[in-house]
Amino acid sequence: MMACVTPPKLRLQSTYSNPPHLPKFHSNPIINRKSHLGGFKSKKWRNLLWADGENQYMRKESCCVKNDIKHQRGCEAVKCAAEGIDRCMFVGSRGEEGGGSMVAERFMVVALMAGIMCLCNADRVVMSVAIVPLAAKHGWSSSFLGIVQSSFLWGYIFSSVIGGALVDKYGGKRVIAWGAALWSLATLLTPWAANHSTGSLLAVRAFFGLAEGVALPSMNTLLSRWFPSQERASAVGIAMGGFHLGNVVGLILTPLLMSSIGISGPFVLFSSLGFLWLMTWSYRVTNDPLESNSISKSELRLILAGKSDCQVVKGKLPPLRLLLSKLPTWAIIFANITNNWGYFVLLSWMPVYFQTVFNVNLKQAAWFSAIPWGTMAISGYIAGATSDYLIKSGYSITTARKIMQSIGFIGPGVALLCLNYAGSPAVASIFITVALSLSSFSQAGFLLNMQDIAPQYAGFVHGISNSAGTLAAIISTIGTGFFVQWLGSFQAFLALTSCLYFIATVFWNLYATGERVF
């Protein structure tokens, strides 16, 4: 039996490479946690962990090292259940330090992450609605309107790679906190910039995009640290559900606030909420569960047990040539390009689409545009839960990722082709709802695949692919305006977008993998 126990040093390195807060002379990472204030836990906490944590943790590790790495998750699920560890992310430990139940700490983390992702997207959407009266006021053409819409992406494209590298080095907590502070400030300044000059507006929107570029890499990396592998897709589904609900909140509240307060109303509201969120985030969340001052010992054991990634060592970034020499990297890049192309066309142009094609007013256009995003929030969680279920049922990560991504591309491609034949705003809204709902399955495809193939450089890989996707979003956002002005309809561009979805599906299924590459 003793021969099966993993040496203490090896156990520490299985998921975290020599955490700076763990003294080298201790053997159990659970016992030696430090709080986010830099001090060790209380003596009572350490005694509780020593009495219960060491034996159960080593017993679990002893079990799992006997099995082949491909069956590690299954072994952990059985053994941890036998030890009485609650696997639900919504409920924490029972019977610890006074009994009862409490909300799991990792759920608090993902709930706060979903909140800021909601504000992140709501701040973007405000401009999609506000640009309609601004265009009428300043006499902008459809082509120039596309330039204004895309100005957000000018800054976004540069911050993706830099933000991803910063996340790999400093963790997601600090990076997204700075990002939220800066993009909330930019949101607050937007009405002033619009009244000052067009150049000021473009500059503020570019700065806004620069700050928001760190959001997705921060989310992906932070949740990968806080959740075991078999729950990661569901956690991303919850966080991205908040992201998509931001579209609903922005599209519905913006016209109401503008009609009652003025154009500055929604910008002031959402920026204020961002600053309020920042106060809670700074004191409630840590980069890593090992640093948390609030997590229970059983929940920490569960998170560590579910870490199947190989050793991750912080160091120099890999050469760009190495990353681009592997086809799985290109599968992620192409998937991101396709996803952003279609996503930003719908995000930026749906209010304009309903107003110009079906002659509905701004408030009605906002409602028709908001409904699809609301269903996307729900379907994104369903996609994550389905992906986790497939993995727990014995399907390989590669198979799960390919199934989810295929649904996420084929579904929107077919729906956008059908959109060309919609004869009423209600029918058009149904097709757009189907397109966006099914596109959310990409969250359990390429968005998670970065952690699969490159856990050590996931933020950097995310930044590279997101920069390529942002460039595609700029082209599609501006291109839609020129196509509409040139041809007088949206049909040609929707057909082009559908073809791109189908081509990307084939490429993904040929070259994507769920195995570690870097």
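Just so it is clear, glycine is given a Cβ too, placed from its N, Cα and C backbone atoms.
What TrEMBL records for 109-516 is domain 'Major facilitator superfamily (MFS) profile'.
Marked as transmembrane segment by TrEMBL: 107-132 (among others). Outside the transmembrane segment (107-132) by six or more residues, the chain places 89-90, 145, 148-149, 152, 176, 180, 183-184, 187, 190, 194, 205, 208, 212, 215, 219, 222-223, 226-227, 235, 238-247, 249-251, 253-255, 258, 263, 266-267, 270-271, 273-274, 277, 280-281, 284-285, 294, 347-348, 350-352, 355, 362, 366 with a CB less than 8 A from a CB of the stretch.
Residues or ranges marked as transmembrane segment in TrEMBL: 144-168 (among others).
As annotated by TrEMBL, transmembrane segment applies to 175-194 (among others). A Cβ distance under 8 Å defines the sequence-distant neighbours of the transmembrane segment (175-194), meaning residues of its chain 6+ beyond its ends; these are 116, 119-120, 123, 126-127, 130, 134, 163, 166-167, 200-201, 203-205, 207-208, 210-215, 217-219, 222, 263-264, 267-268, 270-272, 274-275, 277-278, 281-282.
Within the chain carrying the transmembrane segment (200-223), a Cβ under 8 angstroms from the stretch's Cβ atoms is held by residues 109-110, 113, 116-117, 120, 123-124, 127, 147-148, 151-160, 162-164, 166-168, 171-173, 175-176, 178-180, 182-183, 186-187, 189-190, 192-194, 232, 235-236, 239, 287, 447-448, 450-451, 458-459, 462-463, 466, 470, all 6 or more beyond its ends. Look at TrEMBL and you will find 200-223 (among others) tagged as transmembrane segment.
Residues annotated as transmembrane segment in TrEMBL: 235-257 (among others). If one looks beyond the transmembrane segment (235-257) by at least 6 residues along the same chain, the residues whose Cβ comes under 8 Å of a Cβ in the stretch are 89, 106, 110-111, 113-126, 128-130, 219-220, 223, 226-227, 265-266, 269-270, 347, 351, 362-363, 366-367, 369-370, 373-374, 376-378, 380-385, 436, 440, 443-444, 447-448.
Per TrEMBL, the feature transmembrane segment maps to 263-283 (among others).
Marked as transmembrane segment by TrEMBL: 330-350 (among others).
Look at TrEMBL and you will find 370-391 (among others) tagged as transmembrane segment. Residues 73, 229-238, 240-245, 247-248, 251-252, 346, 350, 397, 399-401, 403-404, 407-408, 429, 432-433, 435-441, 443-444, 448 of the same chain sit 6 or more residues outside the transmembrane segment (370-391) yet have a Cβ under 8 Å from a Cβ within it.
Per TrEMBL, transmembrane segment is recorded for 403-422 (among others).
Annotated transmembrane segment per TrEMBL: 428-448 (among others), in sequence order.
According to TrEMBL, the feature transmembrane segment maps to 460-484 (among others). Beyond its flanks by at least six residues, the transmembrane segment (460-484) meets 142-147, 149-150, 153-154, 156-158, 160-165, 168, 213, 216-217, 220, 317-318, 320, 323, 329, 332-333, 335-345, 348-349, 356, 446, 450, 453-454, 490, 492-493, 497, 518 of its own chain at Cβ-Cβ distances under 8 Å.
Marked as transmembrane segment by TrEMBL: 490-511 (among others). Cβ atoms under 8 Å from those of the transmembrane segment (490-511) belong to residues 327-328, 330-331, 334-335, 337-338, 341-342, 345, 349, 353, 357, 402, 405-406, 409-410, 412-414, 416-417, 419-420, 445-446, 476, 479-480, 483-484 of the same chain, restricted to positions at least 6 beyond its ends.
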Distant-in-sequence neighbours of the transmembrane segment (263-283), which means Cβ under 8 A and at least six residues beyond its ends: 112, 115-116, 119, 122-123, 126, 129-130, 133-134, 173, 176-177, 180-181, 183-185, 187-188, 190-191, 194, 250, 253-254, 257
Cβ contacts under 8 Å made by the transmembrane segment (403-422) with residues that lie 6+ beyond its boundaries: 335, 338-339, 342, 383, 386-387, 390, 428, 430-432, 434-446, 491, 494-495, 497-499, 501-502, 504-505, 508-509, 512
Average pLDDT across the domain 'Major facilitator superfamily (MFS) profile' (109-516), rounded to a whole number: 85
